[in-house]
Amino acid sequence: MTAPWAALALLWGSLCAGSGRGEAETRECIYYNANWELERTNQSGLERCEGERDKRLHCYASWRNSSGTIELVKKGCWLDDFNCYDRQECVATEENPQVYFCCCEGNFCNERFTHLPEAGGPEVTYEPPPTAPTLLTVLAYSLLPVGGLSLIALLAFWMYRHRKPPYGHADIHEDPGPPPPSPLVGLKPLQLLEIKARGRFGCVWKAQLMNDFVAVKIFPLQDKQSWQSEREIFSTPGMKHENLLQFIAAEKRGSSLEAELWLITAFHDKGSLTDYLKGNIITWNELCHVAETMSRGLSYLHEDVPWCRGEGHKPSIAHRDFKSKNVLLKSDLTAVLADFGLAVRFEPGKPPGDTHGQVGTRRYMAPEVLEGAINFQRDAFLRIDMYAMGLVLWELVSRCKAADGPVDEYMLPFEEEIGQHPSLEELQEVVVHKKMRPAIKDHWLKHPGLAQLCVTIEECWDHDAEARLSAGCVEERVSLIRRSVNGTTSDCLVSLVTSVTNVDLPPKESSI
């Protein structure tokens, strides 16, 4: 009889020691996985938590409640999350989520899990199936005073939640209206890790969804229209393409004026083309790969597909904010188009929706946009995208080391002419009245491939919108230029340089 009580005293001492430091040490959690067969893991047991020395470790539980029937989803270890700090019991407070989630600190604290609605409804406690009595069970029934302290902690946490919505985990709640097709992300805990970018409508977080990294774009409530527009574009039939950003889910977090709107997409560690070009000089083949996949993505976005892979009609879509910051790069430098908050669909027999003229990023605005002289037809909007593509292609060439000459530090289009923060009036003067474009360096024209690519760039940013190339034509040209240059030997490079037209490029005639 002495040994169990000695062990009990030792465990109580360790709990008190953790409490004295302001945290309960978590080293082991109850483990359970409802999808153990599919994921090829154990169904249940104990899980030993591992993490960085300066990070706190927690346990978590997630479950569903279908008409009073409790269906356990997962239990296990949860890494450092301020929402779990000093919580000795696993308590979920959401009103009616798809999946309940709770986390706590302390060994095996997720054995029991509780739902305590914020609205003050009745507390509902869910217990696992009866098992053989354990030391932890004896401890749970012995330390009743801890329950009172836990209720005080829960009250403080409830007040904190009402002050600011937490970022520790996510359960998906769709805004009223038809939800976009997406997997049940709410079945899997999602944890925000770090801010990767800040933009016009909010910030982008790197987050962890089980074993995968994802990107979470968070919009404030006042930018609901942009969030809703981008969600609708992602939900358009046929938007699954290797050169378009992969959509995972959309979510509304929080309540009333403190609500936030989330878009969850694939995460690409190399970031945007802008960021990559700032820190890297690229080779000829890398330039061609980025340019070809980027133009392929825009070509597909612009395309009208009557019946796309059985999903239905994919309408033509104009991006309207095409720039290097909105082109992401996969690990192999394959380009992926992102940020469809200003995009507009062109469906037969329907108005295109919000088509205000001067939208997008000033630096990348076509002359007709800067002038406010837009023809509000589909082709006009697609040609505006093509002007911006010409500028992005110029950015690629400016950081390519293929030519025999210096590679300058990365600069945005027109940064050399009018600086980093040009006004609308300055751009109108330079782009519209003086018809200037970013400078094409002389030594670029001495490389056969870059020389041909510069011709394509000039035909993309042509002042006459109707003379601009289509994205599909750019894709064909880049592919042809790459093959022609890579197929030549050093002995015949000179002859190619003397006449750019040695390679028959696809016709300039626009197919938009």
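From the backbone N, Cα and C atoms, a Cβ is placed for every residue, glycine too.
Taken from Swiss-Prot, the feature signal peptide applies to 1-18. What Swiss-Prot lists as topological domain 'Extracellular' is 19-137. Swiss-Prot lists Cys29-Cys59, Cys49-Cys77, Cys84-Cys103, Cys90-Cys102, Cys104-Cys109 with the feature disulfide bond. Residues annotated as N-linked glycosylation site in Swiss-Prot: Asn42, Asn65. Annotated transmembrane segment per Swiss-Prot: 138-158, in sequence order, evidence recorded as sequence analysis. As annotated by Swiss-Prot, topological domain 'Cytoplasmic' applies to 159-512, with the evidence given as sequence analysis. Per Swiss-Prot, the feature ATP binding site maps to Lys196, Ala197, Arg198, Gly199, Arg200, Phe201, Gly202, Cys203, Val204, Lys217; the stated evidence is sequence analysis. Here Swiss-Prot flags Asp321 as active site, proton acceptor, drawing on sequence analysis. Feature annotation from Swiss-Prot assigns region 'Interaction with DYNLT1' to 491-512; the stated evidence is similarity to another entry.
Arg200 (ATP binding site) and Asp321 (active site, proton acceptor) have their C-alpha atoms 11 Å apart, to the nearest angstrom. By the criterion of other Cβ atoms within 10 Å of the residue's own Cβ, the least surrounded of the recorded positions Cys29, Cys90, Cys102, Cys104, Val204 is Val204. Cα spacing between Asn42 (N-linked glycosylation site) and Lys196 (ATP binding site): 35 Å, rounded to the nearest whole number. The ATP site, placed at the center of the C-beta atoms of Lys196, Ala197, Arg198, Gly199, Arg200, Phe201, Gly202, Cys203, Val204, Lys217, has further neighbours from the same chain whose C-beta lies within 8 angstroms: Ile218. Ranking the recorded positions Gly202, Val204, Asp321 by the distance of their Cα atoms from the Cα of Cys77 (disulfide bond) places Val204 first. Counting only same-chain residues at least 6 apart in sequence, those with a Cβ under 8 Å from the Cβ of Lys196 (ATP binding site) are Val204, Trp205, Lys206, Ala215, Gly271. Counting in whole angstrom, Cys109 (disulfide bond) lies 36 from Gly202 (ATP binding site) by their C-alpha atoms. Sequence-distant contacts (6 or more apart, same chain, Cβ under 8 Å) of Asn65 (N-linked glycosylation site) comprise Glu71, Tyr100, His115. Ranking the recorded positions Cys59, Cys84, Asp321 by the distance of their Cα atoms from the Cα of Arg198 (ATP binding site) places Asp321 first. Each of the binding-site residues Arg198, Arg200 was scored by the number of other CB atoms within 10 A of its CB, and the lowest score belongs to Arg198. Binding of ATP is attributed in the record to Lys196, Ala197, Arg198, Gly199, Arg200, Phe201, Gly202, Cys203, Val204, Lys217, and the widest Cα separation among these residues amounts to 14 Å.
Note: the CA-CA distance between Cys103 (disulfide bond) and Cys90 (disulfide bond) rounds to 5 Å. For the disulfide-bonded residues given as Cys59, Cys77, Cys84, Cys103, the lowest number of other CB atoms within 10 Å of the residue's CB is seen at Cys77.
Among the recorded positions Cys29, Cys59, Cys102, Gly202, Asp321, the ones whose Cα sits within 10 Å of the Cα of Cys49 (disulfide bond) are Cys29, Cys59.
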